[in-house]
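Q: If you look up TrEMBL, you'll see 6-27, 60-81, 93-114, 126-149, 254-275, 287-305, 325-346, 367-384, 390-407, 440-459 marked as transmembrane segment.
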Amino acid sequence: MERAEAYGFSGVMSGAFLLSCLLFAAVSRRQRGPYMDEVFHVPQAQAYCQGRFLQWDPMITTLPGLYLLSVGVVKPAAWLLGWTGSVVCSVGMLRFINLLFSAGNFYLLYLLLFKIHQKNKAVSGFQRILSALTLAAFPTLYFFTFLYYTDPGSVFFTLFSYLMCLYGNHKTSALLGFCGFMFRQTNIVWTVFCAGNVVAEKLNEAWKIELQKKKDEKISSRKGSFSDLTRILQFLVEYLLSPKNLVTLTALTWPYIILVSLFFVFVFINGGIVVGDRSSHEACLHFPQLFYFLSFTVFFSFPHLLTPTKIRKFLLSLKKHPVQYSLVTVISLFLIWKFTYAHKYLLADNRHYTFYVWRKVFQRHELVKYLLVPFYLFAGWSFADILKSKSVFWILMYFVCLLAVTVPQKLLEFRYFILPFLIYRLNIPFLSLYRQLLELAFYILVNAVTFYLFLNRTFQWENSDEVQRFMW
């Protein structure tokens, strides 16, 4: 990092943290008590603060990573600063933990952008800083900076694990992956993703050697025709069936293998991935979640994916491969028909944006969910097209992890899309400065609307005296 870039990044990060502190104060003044899921998280953390580590709220579905870390930060701070009484582990103090995570996420996003795109000399330091600022302000993540939720910490440890993986520190990466798992069990998928990065790199090297042996210039390690993909899949199977290759990959990824093995032991002992209330978090094959994620991604990265050039290229691809697109359309219609679910929380809780998306769009008419298939096709094609700079093995590995983290979820919840979106966004090419600024401006606008609604457009339910607020 050059000195000017370092000073620039420090200045931007400090300014962003100051603005976040001011917004934090505004949120804390308007919503002093626990809200939504905080009514479970805050008392649990306060019980840990008082040394009652055997007390557990059965409604909590995640492991106690957030509460353990909170106690590990707040207790020493209280001792050093002389805090006593209700200040220690108060709602505001616990929420402040996530403000620290938010600053850490900003720094990690910058480091990841620097590492992933280090070979692209055309990217300036200002573009890296601007892109890191944009991702740090990603609305679905940024909102939960100001409440005591698991998301900021979950993202922090997962991004940190990914960064260490890219630098080859796999034991550290697996340890950080364990921390991420303690915040949210589904983060084990991103441990597999880190191991997959190592495997994809070795596969790519072996594939290039294979090409040199055969001197076949028509096949590349990039995405190509269907016949090329068939050849690549055949190579993949042959490579992974070789005992020598398996030993090599095991030697490289053993820290991740140990962590994933511990995860399966946990699932066996626990009787499932969810702790606490399992009745509302049952796993199922909810394939349309992939379509919702693609739509979510197009919405939040429209400067990248929704452009006139992209639309023209998609129409040309549609014209060139009508049979393939017809087949994908039929499969998509079938998956929507057989595997669409509406969780009871989605239908009943009018405090979340997803409630209104479902009611205003999907419940408008029975045919709407099918009429959206052409848009899903474009979203999927555009999503895959912008990732073509990555090797085909990386794309396959990411897609498997994306399916694993989205499809089993019955509840349509935008928070579940945060990590797959950030991983995707970190790995796509940089845009022009104009489009980067457009993306940042859009995020700021969405955040401004969200916080305005949350702070000022309150309402009440008929059977409750509590103030209700709109949120993600």
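Yeah, the Cβs are placed from backbone N, Cα and C, and that goes for glycine too.
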Q: Taking 3+ C-beta pairs under 8 angstroms (sequence gap of 6 or more) as contact, is the transmembrane segment (287-305) in contact with the transmembrane segment (6-27)?
A: no
Q: Which residues of the chain, 6 or more past the ends of the transmembrane segment (93-114), have a CB below 8 A from one of its CBs?
A: 1, 9, 13, 16-17, 20-21, 24, 27-28, 41-42, 45-46, 66, 69-70, 73-74, 87, 128-129, 131-133, 135-136, 141-142, 144-149, 151-153, 155-156, 159-160, 162-163, 166, 422, 426
Q: Report the listed stretch (6-27, 60-81, 254-275, 325-346, 440-459) having the maximum count of Cβ pairs within less than 8 Å of the transmembrane segment (126-149).
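A: Per the Cβ under 8 Å count, 440-459.
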Q: Run the contact check on the transmembrane segment (60-81) against the transmembrane segment (6-27): 3 or more C-beta pairs under 8 Å, excluding pairs closer than 6 in sequence.
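A: These two stretches do not touch.
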Q: Cβ under 8 Å, sequence separation of at least 6 from the ends of the transmembrane segment (6-27): give me the contacting residues as numbers and ranges.
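A: Counting only partners 6 or more residues beyond its ends, the transmembrane segment (6-27) has Cβ contacts under 8 Å with 95-96, 99, 102-103, 106-107, 110, 125-126, 129, 132-133, 136-137, 145-147, 451, 454-455.
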Q: Using a Cβ-Cβ cut-off of under 8 Å, list the residues of the same chain that are 6+ residues beyond the ends of the transmembrane segment (254-275) and lie near it.
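A: Same-chain contacts beyond the ends: 60-63, 170-171, 173-175, 177-178, 181, 185-186, 188, 191-192, 194-195, 198, 281, 283.
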